[in-house]
């Protein structure tokens with residue numbers, strides 16, 4: 001509400017001389033000295049008229065509260081969405097973590113059971129061949145270690161050379177769940193399946209060695225999948241293995257391979273940090289490790 005001064009009226013009325021005459025002299029006692037006139041003067045009467053007008057005017061406080069109220073509502077809505085997103089992300093991570101752990105234990109348990117039934121079935125009714133058992137376990141370890149050197153050689157001599165047309169998909173942003181480079185995982189799985197099949201259904205030292213070799217290739221492939229596809233390229237959550245110091249170092253070394261700072265080195269995976277240090281990339285490796293630690297901590301704090 002505001003009162004506006006809309007009209008000011010001023011009226012000037014002349015003094016009526018007819019009311020005064022010589023017959024009626026003005027007594028000086030009637031008026032005080034301050035109001036005595038020397039002769040007749042015109043008397044001015046000032047009339048001021050005020051018209052009060054109501055104006056509809058919003059309070060400044062109301063105007064200020066409107067944007068604050070709007071901002072507050074948007075902030076509350078945004079905070080609510082962020083909380084829901086964080087809760088959903090936390091739930092998904094926990095689910096994937098359980099799935100990763102259960103699948104790891106599942107595959108490992110199946111491998112142990114296959115070894116147990118292979119020997120119990122093959123040796124049923126006879127003596128256990130210590131040599132065959134030792135050969136199976138030795139070949140499983142040897143095949144797993146040998147696959148690291150095979151992967152290093154094939155990566156450098158084949159995938160980055162004659163088979164680059166297929167492997168190039170791995171060095172480009174992936175579109176979809178799969179890439180052409182995944183064919184190499186299938187080609188490595190075929191001999192492992194063949195060796196396991198032959199070794200499981202046949203008796204003797206040679207079938208035992210084949211079974212061990214197939215088992216070693218399988219275990220290497222499973223470890224490669226979790227570290228390379230999961231930890232390095234984040235194709236799926238890997239859970240607590242992301243915080244294992246050496247595996248973090250392995251992931252950092254492989255990340256340098258994709259930056260091409262040392263002419264593609266390292267070409268191996270699990271021995272990649274050693275390759276990087278041999279070409280003088282220890283400092284760059286430490287920087288990449290620090291970067292990954294910061295990213296991991298940031299992701300953990302926001303989850």
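Every residue, even glycine, has its Cβ placed from backbone N, Cα and C.
Going by Swiss-Prot, these are the annotated features:
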type: TRANSIT; residues: 1-52; note: transit peptide
type: TRANSMEM; residues: 96-116; note: transmembrane segment
type: TRANSMEM; residues: 130-150; note: transmembrane segment
type: DOMAIN; residues: 143-270; note: domain 'Fatty acid hydroxylase'
type: MOTIF; residues: 155-160; note: motif 'Histidine box-1'
type: MOTIF; residues: 165-171; note: motif 'Histidine box-2'
type: TRANSMEM; residues: 180-200; note: transmembrane segment
type: TRANSMEM; residues: 206-226; note: transmembrane segment
type: MOTIF; residues: 228-233; note: motif 'Histidine box-3'
type: MOTIF; residues: 254-258; note: motif 'Histidine box-4'
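Within its own chain, the motif 'Histidine box-3' (228-233) is flanked in space by residues 100, 241-242, 247-248, 250-251, 254-255, 269, which lie at least six positions past its ends and keep a Cβ under 8 Å from the stretch.
On the 0 to 100 pLDDT scale, the domain 'Fatty acid hydroxylase' (143-270) averages 90 in the predicted structure.
When the motif 'Histidine box-3' (228-233) is classified with DSSP, helix, strand and coil residues number 5 helix, 0 strand, 1 coil.
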